[in-house]
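*Asks:* Structure in structure tokens, see below.
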């Protein structure tokens, strides 16, 4: 019988040391003195630092693989009851952890986020396949060149039943009746996925093995690292493999199992170098040394230094195993016999037997160690995993809302579908008009954006008044000479006043039209963005709506521009109500004469224009009227021009867009054409629905997990 997973007493070997070790029966990887209850009983160099999770039995690490299946004797009969109880606790507490992650992986959740896993990497001919064979109890593809051409998820489940296997990839599921079928089915799967050549693929192959002779463990086997392309391989095959490996080992959720032969310089191995690149402190990397029987004499101490973490430090340390070699396979050495030979090798080796005593050697202890590490890793990852699933689910739901519902096939249903789409769009346009749309914290509403342009219009009007004041003397003198008639010196010439007013009001037309243009662009872009938000996935409908928005904008722009120009033509009438003008005139006159009274106190040499008192009187009087009139006109224009813009470019523009959208419903023959989706929209919607479904299932699985403390 081959390997079996159960507690076993093992006689500890006498270590090569001057210190005396009494001979006693203990579990074969327990270290004296034992840790207190609640801590993992782990060998030196790879003691797990955290306390035991609540769902792990305190003596969890006393479970191991029994390579020899000895006859039950008196002492062992006495411990059978406690052993069975311990194993039952294991079945109840530990297996669900691995099953949970395997179920999430089976749902396809790994497409959306990284799951806790153990990834196995190694250079070509490192002995990686032999290690996996020893753990799984089945023969895997072997040979020269690239053998593993797709990531292989190896799910091992210990159960008291007949051996069963199942291989799954793409939409294919193949039940396996006995272990001998595994190698051929894996090769077949790789050829289907990656082709019959020597290329690789990122697509997963899932291999499930259920047997009483395997540990509870899930591993991901990755292609061996190669440096040089051979035969029909792509020239960049080495880069392709590294990219595939890095995709897995760079995830913080992955424990990296790096397989390295004992008979090579560990510093030159590509696998360990890649692991160090993504995990520089070795927090989640375990080194596995293979082929200890091929170590040259005199170099054994170098291997021991590696195992003692003195050569290439890894926080989780190293394990060492001796698996079947090519000669063993040729001689058809069974895995069970290979396990017994491995134990004998370490028991009798003058240098390496201490590693067996320390619990760092043999495949059974490696299996136990990996199971322990995986359980710890899963427990630590569960709270983060729950948050990630929740966030991904929310994002996918929000994204799906943007794509809307599936388009109905029935013509009557299409009408209601289109009505609903237009209704929601029109509601958003209405909110834009009323200044009630929902915006992000860093954004502002449409009405506020337009109001900012109106604020700049106030500045333009104020600047224009100041400009008139600054050149009043020069302008009035010029126009007095041109338009003065028979009136006596000092009288105000109305023609001069009127001409100055018309001239400076005329300079406001272009700024007003530019403000109209800016406001139009703001509204137009906002309406376009709203249309894109609602109709982007319906290319014909979206284009139709964009055209209508463009046509309406052009007409509204022309009407608003005409009305603004009409307003300025009316301003040439130079009119203001007597009651209003009289009040403003008196206030301005009072302000000006008060300022002139102060100015008269200054030396006359600084006011050359005061030499002609009659001219002063005329200029001051016209200045009073110009200031009064421009103040009142500016008030009128400050409101009137924004009124025109807001009415034509926002209010009426929005109303006409809404009516134009409703008119689309009258053309019943074009419903199918209008609702024609972009080629990838249906695919995206389907993808998001599937993603939401599997994330919902994942949330449910976590919720139902009895030991989850999230």
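Placed from the backbone N, Cα and C atoms, the Cβ positions cover glycine too.
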*Asks:* Would you please say which range out of 290-293, 294-297, 298-301 has the annotation region 'G4 motif' in Swiss-Prot?
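*Replies:* Going through 290-293, 294-297, 298-301 one by one, Swiss-Prot flags 290-293 as region 'G4 motif'.
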*Asks:* Swiss-Prot tags one of 98-105, 106-113, 114-121, 122-129 as region 'G1 motif' - which one?
*Replies:* 122-129
*Asks:* According to Swiss-Prot, region 'G3 motif' applies to one of these ranges: 209-212, 213-216, 217-220, 221-224. Which one is it?
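*Replies:* So the range that Swiss-Prot calls region 'G3 motif' is 221-224.
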*Asks:* Between the candidate ranges 318-321, 322-325, 326-329, 330-333, where does Swiss-Prot place the region 'G5 motif' annotation?
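*Replies:* Among 318-321, 322-325, 326-329, 330-333, the range Swiss-Prot annotates as region 'G5 motif' is 322-325.
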*Asks:* Using other CB atoms within 10 angstroms as the count, which residue among the binding-site residues 122, 292 scores least?
*Replies:* 292
*Asks:* Here are some binding-site residues: 222, 225. Which one has the most Cβ atoms within 10 Å of its Cβ?
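*Replies:* When each Cβ's neighbours within 10 Å are tallied, 222 tops the list.
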*Asks:* Please spell out the DSSP helix, strand and coil residue counts for the domain 'GED' (619-710).
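*Replies:* Output for the domain 'GED' (619-710) reads 79 helix, 1 strand, 12 coil.
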*Asks:* What stretch, picked from 122-129, 290-293, 322-325, has the most CB pairs under 8 A with the region 'G3 motif' (221-224)?
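*Replies:* Most contacts with the region 'G3 motif' (221-224): 122-129.
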*Asks:* Would you mind splitting the region 'G1 motif' (122-129) into helix, strand and coil residue counts from DSSP?
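*Replies:* Per DSSP, the residues of the region 'G1 motif' (122-129) fall into 2 helix, 2 strand, 4 coil.
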*Asks:* Per 10 Å Cβ neighbour count, which of the binding-site residues 125, 128 ranks highest?
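*Replies:* Most Cβ neighbours within 10 Å: 128.
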*Asks:* Counting only residues 6+ away from its ends, which parts of the chain sit with a Cβ under 8 Å from the region 'G4 motif' (290-293)?
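*Replies:* Contacts with the region 'G4 motif' (290-293): 126-128, 130-131, 259-263, 303, 320-323, 325, 345, 349, 352.
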